[in-house]
Structures are given as structure tokens and as C-alpha cells.
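Per TrEMBL, the feature transmembrane segment maps to A:12-36, A:68-94, A:106-126, A:169-191, A:203-226, A:262-284. According to TrEMBL, the feature domain 'ABC transmembrane type-1' maps to A:69-283.
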Amino acid sequence: MKTLRKTWPFHVMLLPSMIFLLIFSYVPMAGIVMAFQDYKPWLGFTGSEWVGLANFRYLFERQDSIQVIWNTLVIAVLKLIFNLFVPFIFAILLNEIRRVKLQRTIQTLVYLPHFLSWVILGGILIDLLATDGFANRILSTFGVQPIFFLGDNDWFRFTVIASDVWKEFGYNTIIFLATLAGINPSLYEAAEMDGATRLKQTLYVTIPSMIPMVAVVGTLALGNVLNAGFDQIFNLYNPLVYAKGDIIDTFVYRTAILNGEMGFGTAIGLFKSVISMVLILLSYRLAYKWANYRIF
Amino acid sequence: MGIKKTATIVMSTLLVAASLAGCGGGKESAPAAVNTENVYKEKYDPPVTITTVWGVDPTLQFKNGESAENNVATKWAKDKFGIDVKSLWSVTDTNGAFATKVRLAMSSGQEMPDVVTIGDTDSQLAQDLIDSGMYSEVGPLFDKYASDTWKKAMSEDANVWNPYIRDGKKMGIPVLDYAYNHDYVLWIRQDWLTKLNMKAPTTMDELEKVMEAFKNNNPDGLAPDKVIPLSIGFKSSMNTWMGDPSWIFGAYGTIPQQWNLGSDGTLQYGSIQPGMKEGLVKIKEWFDKGYIPKEAALWDENKTSEPAVAGTAGILPGPYWMSGWPLQDTVKNVPSAVWKPITIPVGPNGKAMRHGTTTTNGVTLINKNMKHPEAFFTYQNYMFDQLANPSANSEFDKGLFKGYDYDVDSSGKLLTGENIPGGYVNSVRYLLVRDGARIPNAQMDALIKLADGGKAETRLERDIQNNYGPLTPEAAKVLMSQKDSSYPNMFTGPTTQSMKTKMDYLNKIESQTFNEIIYGKSPIDSFDTFVQTWKTSGGDEVTKEVNDWYKSVHK
Amino acid sequence: MYFKTRGYRVFNVFNTILLILLSIMCIIPLVHVLAISLSSKAAADANLVALWPIQFSLEAYKKTMFNPVFLHSIWISVLRTVIGTAITLCLTFLAAYPLSKDNSVFKGRNIYSWIFVFSMVFTGGLVPFYIVIQKLGLIDSFWVLVLPGAVNTFLVILMLNFFRGIPKELEEASFIDGAGPFRTLFTIYLPISLPSIATITLFSMVFHWNSWFDGLLYLNNASQFPLATFLQTVIIQQDMSSMSSSPKEMELISQTTVKAAQIFIGAAPILIVYPFLQKFFVKGMTLGSVKE
């Protein structure tokens, strides 16, 4: 009882959030049963036919199943990595710009692409990356042969990942800038006193102070490990790159969403969630074991 | 947050949890009693109510503070027929929101509308609703209440009912569309032809010569790599509308991505016929010569129109109404540009094929629980009699609603488009059934009359003249001169079982193979491998089911 | 001082140039969209516009500005963003504090944090969610835009990690002064957490400003749409293949210039707010000024 008395304010602080989660997350989770049904809207959860694992089987039984899942993983994981490290490095570099006005201007400009939708960007990229487009004209001045960025299986994934990183790095930088702002200045003062160069300060003060946040952001991003970015792929892919560009979400869109197959859609969602959960758990354990750090 | 409020929320959560299990059942209902007395009236007093739901076209605008629920058309229906059109909900139909919302409404056991019209984009939804058993058989209702005009329009094409027949019963009323609306012609730069002193191509060989001249001897002096002689795109499919390539295969005897009637009387899938291979060889050749866009695999329909509007494309396949959009803008970029519609060229055997148009674009379903189904017919009969193609000086002679899609100034002059005070709105979309009422052949008849020098006298003729672009009658004439080359998709039934599970993969390998052949990444013989794979990966099953359906409707 | 050394100065020059180049790369597509929005329809439909308007025209902006639905949708969006962000901030701030404690201090902390994470990863999908919303009577209500997304696990976890960076001594001092957790949170943590609060605020604002799907599904009438939903119905590419089309309709659908203009008008408010929040990223710690 003694601990309860001391921690009751903590429970009170968490109560509002718990109520919201209960209503808007946990109650609707009942719908996961749809994953095991041939769900028909007019029959509901109680009336629809139970089909066991048939919905899951369909995901794995297609001739291109392995390819689609693999594409998804490769694109999503590479995006995860680059969307973590590019903003991280960018934040550190930006922090070195000492003219505040310039720093803020750069920060604002790189944050802008986040607000363009892929429908619009898709159109722009198709022109920009055409074989006689702007990008290739620049490359040709360096003697590079024209590259079919969006129509070549060897280049498509690169294009997708690069354009995604380009779109999001400015926005993702914000977390790290906030972390940088939170580093205790006295740490730098102490390092300066010891005669550490800026590089050393970065290596021994800045980076270690930011590592926990990198771990946190990285772990939470694992929740998306099977989301390779539907809007982007859907607007950029084409028959020439199905082999490397078709992902779970585009496949689900074509087979389930367009046809109103809600059971199948739920099954895929559940599959993705389970994989994500396992990875999050793993990464949580690892962070705790190696760094004695609880990510959440 | 007060304790009382918290308690309320917790309580309601529990309630929700409890009710989650119970809902979505869909009330089992007795079929509407068929009245023997004649309940049909021209005007209902007291008024009757028809409930409906709306998937509002994103481009549809409202004026004077109106909405889908409450507007000039609903007021009109109330005054005219004593019919209260009550909207249960409306949703702007983008990203499939309408279909999703209907399904969610069903899942949560909400009231379903008396009358609902579903466009062809959501054909699966229409089939689902029929399967749900909530909607009634419409055949007897139609026979009993529909006016002669409507019945006659419906009988112009016997196939229109096919998608909605279950066990011989008609479960939905097809929404008629104009015939040949998605058939196409080739639009060609006549000014280029004139300067080159060439005539419009009628065969594939002539077409190649024209494209060669457009590219390497461009009359506007454009460099060869700036010209796109033939603007087509493959991103969505090889059978589409603007920038469509399917007629190229048509020259070799098949139309891809649809079911064609074979010589043996069975339905055959167009993409696996031998003509496909010849067509692919041709397109590859054109691709290598630079006659078609380098990025054709990435181009969707809209993209193919860009070079046409910019004045760098020589030929653009597409519907007959394209002089009204997008081609009217070409002269703003290249003042000397002149577009002309021409027929599609014939292949080596002297035959041409183009994909045809089904004369429906959706379906209207009638709820089993609807108390006054006859009221719907009162409304719709009037539309067919008075709006679809009325003779001169009818109620809708000048347009549908004054101050909305037309207006008359103080001197009695008809105002259209931007000249209407407060702007034009497409009020025909406010009507209970999309587009009010269309009689399939009316549009082409009117166009041909105008093309032959007739004067615009009826509402329909005036509408075409005002809203369809200057060359549309001429293009319609061209289109109709090739009427026999029009091949619509012969399979219009509900998605079959193996289509649901197999078709996506089959479509995928199809597009992949075809595009790789055109881009030279696979040899032409990979077509044969594709055909084999197609058949063994479920294509044969699909073919069988499609033919079973075909036999069932063509007994 | 380190920044006076020669090596650092060289680095600084290269660094500045690199970052400026990157910024230019990021801004070009926007300039392109801006140029389209200021061009004539004919030039835009022909894809002739690069980075400078062709046949300059303000038509697209006029069309958008005079649309009453558009103006109303901005108001809904502002309301949604302000109220939604306020609710999220309160919930996040309150929840993150106890979660930032050590397990030894707050037993049961782990259970709570997994409840959060689990809810982030698993969802029941659209159907049950819609049923819940409907049973709560939130369909067609403004609150459907702010309540369901009020708790954002990502933000809570971000915040709790920011809290962990705050020196424990401050809290202990506060406890010794006799303050309870609530007072400590609001008098000690709040002023010192401005950079992180600014971050959370920004994320939450952007989330609310950009969300469109909920408006589309849960509101029954387009006149109540928030801006993002309204824009989505305009900007998304229409599936034109199977509609009953006529040139008039196609022209309405393909308003390239209007679409471009609306992207700008849509993003402008959130871009204007950004520089104000930026201040906090830089000042942050110095404001609360740690005296140890």
C-alpha cells in the first residue's frame, strides 16, 4: 500500500490516456477476428463465415508472394536506415552553422518537401528523372549514360529510397535538433576546457548524447518495417519494375481494397503487426541488454 | 474531466464492446408487398419519401449555399412529384470513399437507402449489395412502372441487364450511358499533314510513313528527339481511353485486356491471342524508332495528352469529344496547330478493331423495404420523357435548372457556362440517378444530325453544341463510319471466384511481359511463355467460369 | 575557441556550401509547383512550365479563394489543429512524466508503456473502429477529428525520452521543497522542456493539418470538411477510365493550375507557424538555464 500511496499521482496522470486508448484502440481490436473470416459487411463479425487461415494462405500462395514480401522488406528496411542516419548527420552538420538566420533558413527549406504529396511529386519525378530529363542531363555532363531511374529494375529501389529520404529528411531532422538543443551546455564547456577540438566534442559529447534518441526513433520505426510507403510506390511504379517494386501494400490495394475484401485486408494488417511487434520487442531487449537503456 | 463524464465514457465503452458482437447482422426483412392496386401516381399527396446516399463527384460544385442533401433538384422533386428525396449521408467520392462508406454503414447496421445508384468504378460494391439480399428484384417493378421511353431506351442494347441477373432475376436497373462514349478515333495534326502534303493514314503502313515524316521531317521544324509522333501510354493498361494502344493489336485481330467473342462462339481473353504477338513486335519497332514516348511504360492517360497540348505530338488516340478537352488548348501554345479526327488504320488483312463501349455506366438498386418503389419510377420516367431527349420546346428545352446550368438574360438570350450569374454548376448530377437519364443512341443521332449540317433544335443538340467542342460532330461521324470495328468487352458479369484470386497476378505478369518485350528486356518469344503461364496459373479456370456465365445469359 | 581554428573554418565553408546546395535541391520542386500555379492553363496542361510561370495568371488563386467551401474548410482545419494539438499536448505531457521514471520508482510503469506500444502496432482496422465511432455518436461531429487520435504513442515515447535527459537533481530538489509530482511537473519540467514541447507541438500540428481520411469517412457532409480533406478531393488523381465523361467534366477534373495553387494555400499556414516554433529548438536549455 505504501508504494501505491506514493505513486498514485502517476496513475492519475496516465488515466486519461488509458481511457482514450481503451476506447479508440483496444475496443476496436475486436475486429481482428475479421482476419480469420470471409468478412461480408452485411453479415457482420458474428455472421461471416470462418475461414481459418485462408486469408493468410492467400498472401503466401501466389507465385510472386516471396518476391513481393522481399521487395517490401528491402525497401522498408533501407528507408528506415537512411531516414534515421541522414537526418541524424544533417542535424549535426546544421548545428555547426553558426549564423542563426542562415541556419533557420536552411532548416525551413529542407522541411518543405514533406508537405508535397506523392501524387504531385510522382508527376514531377517522372519528368525530372526521364531519360532525357533534368537529372540525366546533369549526369551526361559528367559523361554518364542516361539512366532509366523509374523503369529499370536495377535503379527503381534506389530511386524510391533516395526520393523518400529527400522528401522526409528535413522533417525527420526536427527530433534530432530538439535533442541537440537539450544537451547540457556545461558538457561542451568542460570539453573545451580540456582542449578538445570540435570533432572530438562531436564524437565524445554530441553523438553519445544523441544515441538514445536514435535508438528510440529507430525502434519505433520498426513498427513500419513492412510498410514500404504505399502512396509513393503507387505513384511511381509501372509494369517495367513490378519485379522489384511491387510491395505488400500495392498488392493488397489491388486485390483487397479495390474489391472490398475486408477480411484479407485485416489479415495482412495482422501479419504486419505481428512481425513489427516481434522486431520491436527484440530491439527493446537488445537496447536494455547492451546499453541498459529502456527505450520506453 | 469530471467523474461523471469519465463514468459516462467508461460506460459507453463497455456498451460498445458489448454491442460490437451483436451488430452488423443486417435486419432480416420481408420482401415489399407487391400491391395489386395501381399505386403509381404523377404526384404524391401526401408526399412520399425516398432515402438515398450520395457519392458526390469531387468536381461537382454547389451554389447558393446548397448541398447534396438539399438543393434545387430536391426542392423541384418535392414540388413536382411530392417526392421527398432524403439523404442519409453523402461523401465526396475520392479514393473509393463511397464504396468504403457503404460497406461501413452496412457493417455497423445503419439504415440502408431505399434507392442507391452505384457507378461502374464500384461494380464490386453493386454485386455485394445484390448478394446481401437487402435489395429487391427489379424486373417486375420495371415492367410494371417504367414508361415506354425508358423501356425503349433499355431495349436498345439487350446486354445491359446481364451484369445484374441472378438466377434469371433482374436485381438492378442498369444506368444507361451514351453508346460509343468510350470508343475512340485518332486525333492527328492536320496542319502537319498538309505541310507534308500527305493524306491521313488508313493502313498501318501509311501510318508508319506519316510517323516517320512527323519525326524526321517535322513541318514545324522540331528536332526529331522533340517530337512524339504517336502519344500512347501503358502505365495503367493496354486497354484504356486517352493515349490508348489497344487498336494497334486490333489491326492484328485482337483487343487486349477484355473478353472477345471467338469464331467458335466462346469468349476468349484478348491478351493471349496470337495477334498480340504481332502487335507487340510492331510497338517494339515503333519504340526503337522513337515513334512512341520513351517513357510510355510510365505514362498514364493524362500524361499522354501533355505533348499533344504542347504541340509536340502528332497523333493522340482518344474519345470523339477531345476537341472540347484537352486539344482545344493546343492552339494557345502553337497557333498554327489544327487537330482532325481520323479513323483507326486497318491491319494487313484490311481489318481494324477498337475496344467498344458498353452502354451502361452503373446500376440503381431498390431496397426491399422501400415503401413506395413506384415513386422512383415516377421520378425516373419523367426524366426519360422530358430530359433524356425531349422534342423542341419541352420543359428542359434550355437546360435543366435556370440559374444553375443555364440562365436567360433580360433580353431573353440564353446564357451558358461562365456567363451564368454565379457560375455554371453541373446540376444534372444533383438528380436521383446520375446524369438524369440518357438514351444510348440519342447522343450519336444528335451528333450525326449536326455533322450533316442540321441545326441544333432540341435540348440535347444544343447541349452538344455548347459543351462538347467544335469538332465533336465531325469526330462522331468518323467514329460511326467505323461502327463495325467496335468490340466491347463481352464479359460483364460479376467477378468470378477464380478471378478474385488469380486475375491480379495474371494481369501483373501480362503487363510485365508486354512492357519488357517493348523495352527490349525480354525477347519476343517470351510472349509464348507468358501465354503458357497465363493458362496454367489460373487463366484456364477463369476462362471456363467466364464462359459458364456467358452461356447462362445467352441461353 | 574551437571555431577559430583553421581546420574548423575550412570545414565550416564546405559545410555551409553543402547545406545550401541541399536546401536548393529541396526547394526546386516547390518553385516548380508555384510556377505552375501562376501560369495559364494551356501552358500547364502542356507541361511547359519549369521554374518560371508561362503566360502569368492569377486565375487559379482567384478560383480557389472564391470557393466558399474552401474558406470554411480552413476554419475547420485551424480549429481542429488548435484543439487537437492542445488535447494531445496535455495527454502526452501528463503520460510521459510517470513513464520517464525508473521501474524502481514507479512499479507498473512497464505495463503501461507496453499498453501504449501495443496500441501503436496493432489495430483492428477500419470496420470496428467505425462501429465504435458510430456507437459513441461521433459520426458527423467535429470531435471525431480530434478525439480518436488524441493519444499518440510515438509522441509519448518521444516526450518521455526527452524527460529522461533532464537532470534528476532538479526533481529531487523540488521534492525536498515539498512539491508533489504534479507541481514538480508543471513548475520544474514544463519550463525546461520547451524544445521538446515545441517538437511535440509541431508533430501534432502537422498531423492534424494534414489528416484527411477521417474527415472523408466520418463526416457526412462536404461542407464540414477540414482543409486537408477538401484538398485531397481536388488534388488526387481521378480515376477517369470508367466515368461517363464529357469534355466539360474532364476540364473540371484536370485543373492543373488550380491544384497547384491549392497545394500552396494548403501548406502555407503550417509553413508560417514553423519559424516561430524554431526559436525553441535553439534556445531551449538556456531558457530554463540549469544551475547545478
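For all residues, glycine too, the Cβ spot is worked out from N, Cα and C.
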Residues from the same chain, set at least six apart from the ends of the transmembrane segment (A:68-94), whose C-beta lies under 8 A from its own: 62, 103, 106-107, 110, 157, 160-161, 164-165, 168-170, 172-173, 175-177, 179-180, 202, 206-207, 210, 214, 217-218, 221-222, 224-229, 233, 244-249, 251
Cβ contacts the transmembrane segment (A:12-36)/the transmembrane segment (A:262-284), at least three under 8 Å, sequence gap 6 or more: yes
Contact set, same chain, for the transmembrane segment (A:169-191): CB under 8 Å, 6 or more residues outside the stretch: 83-84, 86-88, 90-92, 94-95, 107, 109-114, 200-201, 204-206, 209-210, 213, 217
Cβ pairs under 8 Å between the transmembrane segment (A:203-226) and the transmembrane segment (A:262-284), at least three: yes
